[in-house]
Amino acid sequence: MESRGVPWLPAFVVTVLSASGSALAANSNYCNGPLVSVLPPTSFEGSSTSSSSQSSHYAKLNRRDGGGGWTPGHTDTQHWLQVDLRERVEVTSVATQGRYSSSDWVTSYMLLFSDAGRTWKQYRQEDNIGTFYGNTDADSVVHHKLSHPIRTRFLRFVPLDWSPTGWVGLRVEVYGCAYKSDVADFDGRSSLLYRFNQKSMSTVKDVISLKFKSQKPDGVLVHGEGQRGDYITLELHRGTLALHLNLDDAKLHPSSGHTSVMLGSLLDDQHWHSVLIERFNKQINLTVDRLTHHVRTKGADDSLEVDYELSFGGIPLPGKPGTFLRKNFHGCIENLYYNGVNVIDLAKRRKPQIYSGNVTFACSEPQLVSTTFLSSSSSFLKVPVEPLMEGLSVYFQFRTWNHEALLFSATLAQEPERLVLLLINGQLRLTHHLAPDYGAASLTARPPLDGQWHSITISLRGLQVSLTLDSEPTSTLELRDSVDPGSSIFFGGCPSTLSSQSCRNPTMAFQGCMRSITINNQPMNLLHVQQGLLGNYSKLQFDICGIRDRCLPNFCEHDSQCSQSWSTFYCDCSGTGYTGATCHNSIFEPSCEAHRQTGSASGYFSIDPDGSGPLKSTLVYCNMTEDKVWTVVKHSSSGAMSVQGSTLQQPHVARFNYSASPEQLRILVGRSEHCQQEVAYRCRKSRLFNTWDGNPLAWWLDRSGEKRTYWGGFLPGVQQCSCKKNLTRTASAYRENDTGLLSYKDHLPLTEIVIGDTNRTGSEAVYTVSSLQCYGDRFLWNSASFYQESSYLHFPTFQAELSADISFYFKTTATSGVFLENLGAKDFIRVELSTPSAVTFIFDVGNGPVVLTVKSPLPLNDKQWHFVRAERTLKEASLQVDRLPLRFMEAPSEGHYRLQLSGQLFIGGTASRQRSFLGCIRALSMNGLTLDLEERAKMTPGVSSGCPGHCSSHNRLCHNWGKCIEKSSGYECDCTHSAYGGPHCKTEVSVSFESGSSVTYTFQEPFSVMRNKSRQSSAIFAQSSKSRESIAFSFLTNQAPAMLLTVSTYHQQYMAVILSLNGSLQIWYQLNREKRPDVFIPHPYGLANGQLHRVQIHREGKDICFIGSCNRVVIMKSSAFIGRAGVDEEVLQAGSRGFVGCLSSVQFNHLAPLKAAILNRGSSLISVLGNLVESNCGALADKSSSHSGKERLKNAAQTDSAVIGGLVAAVVLVTLCMVAVMTRFLYRHRHERSQQMAPVKEKDQPPLPSRLEHGFHAELDLRTAVAARDSRKEYFI
């Protein structure tokens, strides 16, 4: 280790230069020499050769002799060209040509590399791109500079696509330079000891660098410890690198100093990985390959004290050479440097400070051959079985991420009996399939599907079949009769040509890697299988394991959990407050003002002011007054505080901790129009400042920690209070009072208060600091008008490498125009009005332009506000316009994924100043940041702040989801999607229910509400496609139990909101008919008390958010649900009792079913049972029942085309749990629609609900979808 006092910089420079000299050379102009042109013919090898004149040694760049290049045989299905560079070199670039003067060339290829011509690995460029584009003719040269150099001896060029008019033809060159290294081989029982020149070494700075390749997933690479308890350990654990460090004295700080860092994955792949550890005091940087993790150590000390020695490759026991405390490293270490010391070089030169126990200095290569099963539908490996008198024994190892697969299938001699090993829902199941009359018997085991290697042993002996997983106990199955093995075994899948009786693929074939296949104690030579000498196969890669960790790095946002399959990754957003394929979108509204627009009353709400930005949501109180919406943020010291005995030398100091973080508060205050904080001060003989010299005797700190001496009623910087003369009186007979408001937003909130003048006799101060209170959302109506064709606003580059969300409102009379555009060198992003009735979202991340267009049946240039939301993540892209069907497209699993922009962001135009937008844009938000269009418009010609019209102001003209419509002489409110009515969508729609009455609302077409939109076969990852509901209603009743509302689907799913026998509110969910229902009890107290209660429920995937009359937010994850067994007795009981009372303002997503029942009583989609009376209980909440004589609703015919039935009040169990039969037309329509959509990845999300009958009243014109903006408005929290 580096001793104290030794300069940090020189040691660091020596280490980096010594360990990375070749890398530095590679980055210079000296590591680009041709390496292939000087090679002899024996250095070239091909999978096959079309003819002797087209053999592999003719594959040198620009070579014209022979056949002018290499061409494989036409029957070769796995062609490759291999180059032996004679020794390990550093490769920095490659180049290709087709076969000279021919129609043969390669248009795309993979590049594999290996140290010994075995155990290959695929080279991946930036963005994990594993494919190189090739040539378009025979003689042009296509050159690729590698994004990171590789050190290797063997290269393989694997053609993927070739000339459409010819065949594969290839000439290559490789560029780089020589690479020298010092290597040590550890056999799992060896180690290197580096002994210090002194007893103990104490350092504050350390640098350790090395490269390793491992044959095992576990093993210690570096270890050192000291007598006082310091230690450093670098080890492999299950293929991940772990660094453990403690800098504290164990006697003084027993457990406070331990720090662990985990980085990397699948590092036991028998290929080289680089490691760099940099420590300075408490700061540690751990780099594995190209990933770096920064961490700060815990504890008090900042030096590392190690006694005597450091060990590499293991932790030997003192005095017992060859015995170790934990697993040793088994593999090779290269260029091991410790604080500038080349440890392996010292060992090779047998220096006395190095002890090398059984270490050799040449890296041995493993002999294991892996094979990769590529296809989930058509990969298989078939191998013959030699007859064995004793039965059958099979052993193999596998690694995968998938939870569904066929691993093994063996036909027995007594056909059609067979043994089948499946992965089903992550569980291993070995089944002995008998004749059809006798069924099957099974054994099970559950491997951790973590991408690690797992071993399986299957044994068939006499009347027993056994299964062993790893080192777990063996499971045994007794057979009725003895069986004998058949002539062949299938691994990973079955050929499609075989009959279903002999071998049949389940949902998925195996995708993953296998190795060490042994049948009846005879190892299977997989290379012979590849060469066609043994067995048969399809869609396999040999001598390579192509498994990847798609969760490293983790692209799931906002601390969500990443899981993966072989081909993609999934994000579990449960409990994060975010949703979407990568958990990018916040489920919460950005402000209390936005909550009011959804029709919410005063209460506690979670808001997320930065939307999809890095900050999480915060809980605030929204006070909805008639003219303002106040956001109230509480702090820890809300009561009055009395102060006595304080001086300037020992002042009273109070700190205020708010329910939101400082950064959340900064954004909330900045987004608000006005903020204030009240300070009340009562005093006796206590001054705020000295009247003689003006020095402050009390002050407060603002949000930045700056000292402030002004008080309420004065501007910043003025050292006074509202009633200075009163506060400075000293007569003991008076207790003076003063109250003021702090309202300068840049200083709010107050974070600390200091009082220093209460030490005189009878002196006292009592102060109270109120909660932070803000009103207004200055971004909701932040807008700009573009009135010149060449006008635009420009902003800094849009930072959206991995994800981008863009939302805004627009209104225009123009036929087309670009809303926004940002360009890069090649990439770009653009949103435009492409036609009078279409909005287009187009972007390119390097894979070619992606175009999404939403077409409206009505013109969009109608001078009314329209909403647009465009989103692009690594998983998918989507475009939403108003409530029209969502348009989305899945991203390819392979390809570029970083959107690299460099130019300015243009709003209302383009860089070329063509196709500019004419009209208004407001509330433009990009990745959670709302752009201040008004401020930028003030300094831009051709653009003005704000937008003209009644519907373009802060005035809340339309409420509760009502939409403001501009008219020539005013405006009107469209209440179509509101549960309220009246001219401003403020009139509650209420109905009194008598015994036996109910309303059923039936959607006309199948669509997804509770079901996931994805129909992927793997249920394990089904949560990646979130389902959702937003429900809001008010009720008043004295009856319990009672059924308030239920929704059911044709998939026999349902949710129900009931009052239980004790009057508590319960929410029941049955989303999986194969599992028991979940019940959520947000309000355990009796609500059947004759008072009006407001209920708001939102479910997003596994999360449920609830607001009731208790004015509290409850967020539940599925793990917190209470499972109920058997028949849902409480739901049945509530349904049988029905509901007697009043329901008001019922909203389900974008539907208002109660209002629709009143206004459209002749519709075939609405069924009414019993007598309903329109009421005003929502307005007269203080009365337990209001039965003003209104028109009675008559029974309507019930339709049998329901897919989702929304039932309000009494519902019998049959209606609740079962759904009316779909008509033949709807079934045929759904089948035809699914067939039309199947071939394409781009999908139309069906509307919610789909088109209703044309004869409906305007209030029921519900041709809607789960709109992005409007679905965010569904979150009633």
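Count begins at 1; order follows the chain as displayed.
Glycine is no exception: its Cβ is also placed from the backbone N, Cα and C atoms.
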Per TrEMBL, the disulfide partner of Cys947, chosen from Cys920, Cys973, Cys975: Cys920
Two-stretch contact, the domain 'Fibrinogen C-terminal' (583-635) and the domain 'Laminin G' (782-947), at least three Cβ pairs under 8 Å: yes
Segment-segment contact (the domain 'Laminin G' (370-545); the domain 'F5/8 type C' (31-177)) at 3 or more Cβ pairs under 8 Å: yes
DSSP-derived helix, strand and coil totals, residue by residue, for the domain 'F5/8 type C' (31-177): 12 helix, 67 strand, 68 coil
The domain 'EGF-like' (948-986), counted residue by residue under DSSP: helix, strand, coil: 3 helix, 12 strand, 24 coil
Other CB atoms, at most 10 A from the CB of Cys920 (disulfide bond): 24
Summary of DSSP states over the domain 'Fibrinogen C-terminal' (583-635), given as helix, strand and coil counts: 6 helix, 21 strand, 26 coil
Stretch-averaged pLDDT - the domain 'Fibrinogen C-terminal' (583-635): 89
Protein Cβ atoms within 10 Å of Cys947 (disulfide bond), excluding its own: 22
